[in-house]
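Below is one structure; the comments refer to it alone.
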Amino acid sequence: MDRGKIHSLNPIHVIGLIINSMVGVNLLSLSHFASKMGYNLWMAPILLGIIVTLTVFPMIALCSRYPGDTLFGIHEKLLGKWLGSCLNVLVIVYAILNTSTANEGYVRLLQTSMLNNQTITMPLLGLTLVMMYITNGGIKLVARFCLLALFFTGWMLVLLHYGFQKGGLSHIFPLFNTDLASVLDALNQSSGSMLGYEILLIYYPFIIEKNRARRHVLIGVWTVVFFYVLVLLTSVAYFSEWQVANLVYPILNLFKAVELSFLERVENLGIGLWVFLILSTSTAYLWMARTGMEQLAGKRRLWHLLLPSAISYFMIRGPLSVEAQRYLYDQLTVYFAYGLILWPIFLLMLHALRRGRGEKVS
Amino acid sequence: MRWSSWLFLIALLSCTLAGCAAEYERPALEDMAMIGVMGFDYVDDTQMKVLVSIPVPAKGKETTQIYATQASMTSEAMLALAPKVERTITLSQLRVILFSEELARKSGIGKVVLDLYRNPIVGENVFIAIVKGKVEDVIRGKYKNKPEINTYLNDLLRPRVETAFSSFSTIHDFVFMMTSNIGDPNLPYLVKQDGSIEIAQVALLRKDKMIGLYSQREGKLVQCLLGRKRLPRVKFGFGGPDAAEENADMEEIIFDFVWSKSKVRSNGNTKKPVIHIDLELRGVVVGYDGKKNLDKRPQITKLVKQMEKRIQSETKTMLKNYQKWGVDPAGLEESLRQKYHGKWTREKGLALYKKADLNIKVKLDILGYGTIK
């Protein structure tokens, strides 16, 4: 075990963490979210990838100035104990919201597709327990689980060729047949699918090769963009524009296109395996919440893990109405994320003012 | 024993507790009535008669249960049928959906198909077809020396080269064709006669309403234009008593298309649209009756020329007629859409399609002619 050893993430772990914390529940509806762009929707991930790349630079720049601290530590050092703690609470809330987003989206899909004559209590409870168990092992276990999940689910990309063959790629023409308003709308809607790389701000101190971290992060990000473009090109070939705009889970229908002689209803298998992608996202965020709680309390306790998990569980299963949940997951989380992604730029300026440009603080 | 082993044992034992739970939500396989075929007949503009046929698993003899009810939606029909059937009915093994011609012409089939498309239980390989007359006669009909109706219809509508003159429309394909705005959907048209069912023609639809029929021969050309790689055999006849002097010899050829490719391109001009169609066909002569010596190169070249000309003229006549009637089963509008910037609608597509000039080129290769010359 790597308990107590701080520097534990090697390059492969970093790439795995980036890929699998990004790919999650949002991929299920990605083509639906980007459907405003019509048949040009496959360009959305590329544009998003460029935005993500641009925001990775300030993140790494900030973290490399504080090589021993997570974002929570940076807050306390830079803004003082009191203000820093207040911001840390916000970041913890953000992490819990994202955990819930992943779990809720998946459980809702299960409810509509596989278990449509059951309530979601048991699946959700199982999901939460496994999530807690993995997170309890620390960031290295989360990273290893991400790699495992990548190998368990990555092969499903091969299944895309069934949908690809049935449709015609000629649908992508004419290129650039869209306007700025719909592009921006599509980007806003589908930006949730690119979230996950910002956890980098928290696990940066655990990376072994810090000076090459940016490269590994970008490899991860552009691998995800490549996966997304493949999925979206298949959607373009397989669906009509009406279908893309009206199907809530296009991935489910793409799975249905698969015809294997020895196996029917591959979508059930695919959706079942999808739990790995969900868990790898939600564990990373739960770990983020736990680290924040530890920073607040100044010590390491089990309830730092239990509390966020319980909040996330009762957000989904509890008294919140569906409309309120939708608002939390689809709107609040995304706007929160925009803030968090741009936050390092502000912190960098503050750092330059207080400590001088490029100064390192250990 | 270590505590972890105890924990494992307890976990293992608690799994067996599942046997004590009340089981009423997911019945076992034997308690399910799996609907294989659904049929819809026209009653009036809102109501339709829904028929379902359920195979009964039994040793030795295959039997089928058929239930009927009146409803305005598929899910409503399921609701009404549930108490009538002694087992739990499910749509998870649905294979075939049939519509009567009257329903397809008068009220359209989109509502029913979309209702089933919404249901995640329904699989993807469900075939849709339109039936001449009443669906009830087809489903309740007796067919000698045929498997029971569910298997029979599923086998009949399964994609095969021999019946590839119509699109094998699954629910997804139909919804795609209905909403794609680049052509008119087509569906197999079934006719029941002499104790069997035949895919006699191809039904042509506008959106979800049936508007006409076209023949198998036209269907083969349409499928070629739609990009199907493997086409069914076609018979060509040349000459005859009232033909012109130079090809007065009677010739009959059955040609098997091994490989075909169609390239449909438009020039992108909205004022004077031109659609270029390049057909590349390769195949073998299966049956030949005529005076040509197929072993001789010049003679076979002459035959190729004859056939190319025939296919070209047939395609041209067919497409000109479609343009005149304003229907587009061959999806030629896709080539216009690819070059059109701005918001594409079906009305624009049809207007462009109707005034488009066609430029058809056919290239045919005879790969073989059997074992005699």
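Glycine is treated like the rest: Cβ placed from N, Cα and C.
These features come from TrEMBL:
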- A:12-34: transmembrane segment (TRANSMEM)
- A:46-66: transmembrane segment (TRANSMEM)
- A:78-97: transmembrane segment (TRANSMEM)
- A:117-134: transmembrane segment (TRANSMEM)
- A:141-164: transmembrane segment (TRANSMEM)
- A:186-206: transmembrane segment (TRANSMEM)
- A:218-239: transmembrane segment (TRANSMEM)
- A:271-290: transmembrane segment (TRANSMEM)
- A:302-320: transmembrane segment (TRANSMEM)
- A:332-353: transmembrane segment (TRANSMEM)
* Asked: Any residues 6+ beyond the ends of the transmembrane segment (A:117-134) with a Cβ under 8 Å from its own?
  -> 99, 103, 106-108, 110-111, 141-142, 145, 275, 278-279, 282-283, 286, 305-306, 309, 312-313, 316-317
* Asked: Where else in the chain does the transmembrane segment (A:141-164) make close Cβ contacts, counting only residues six or more beyond its ends and a cut-off under 8 Å?
  -> 9, 12-14, 16-17, 19-21, 134-135, 227, 230-231, 233-235, 237-238, 254-255, 257-259, 266, 270, 273-274, 276-277, 279-280, 283-284, 287
* Tertiary contacts of the transmembrane segment (A:271-290), as residues 6+ beyond its ends and Cβ separation under 8 Å -> 17, 20-25, 27-28, 91-92, 95-96, 98-99, 102-103, 105-106, 109-110, 113-114, 127, 130-132, 134-135, 138-139, 142, 145-146, 148-150, 152-153, 156, 196, 199, 202-203, 252, 255, 304-305, 308-309, 312
* To do: Output the single range from A:46-66, A:78-97, A:186-206, A:218-239 maximising the number of Cβ pairs under 8 Å to the transmembrane segment (A:302-320).
  => A:78-97
* Asked: Ranking A:46-66, A:78-97, A:186-206, A:332-353 by Cβ pairs under 8 Å to the transmembrane segment (A:218-239), which is first?
  -> A:46-66
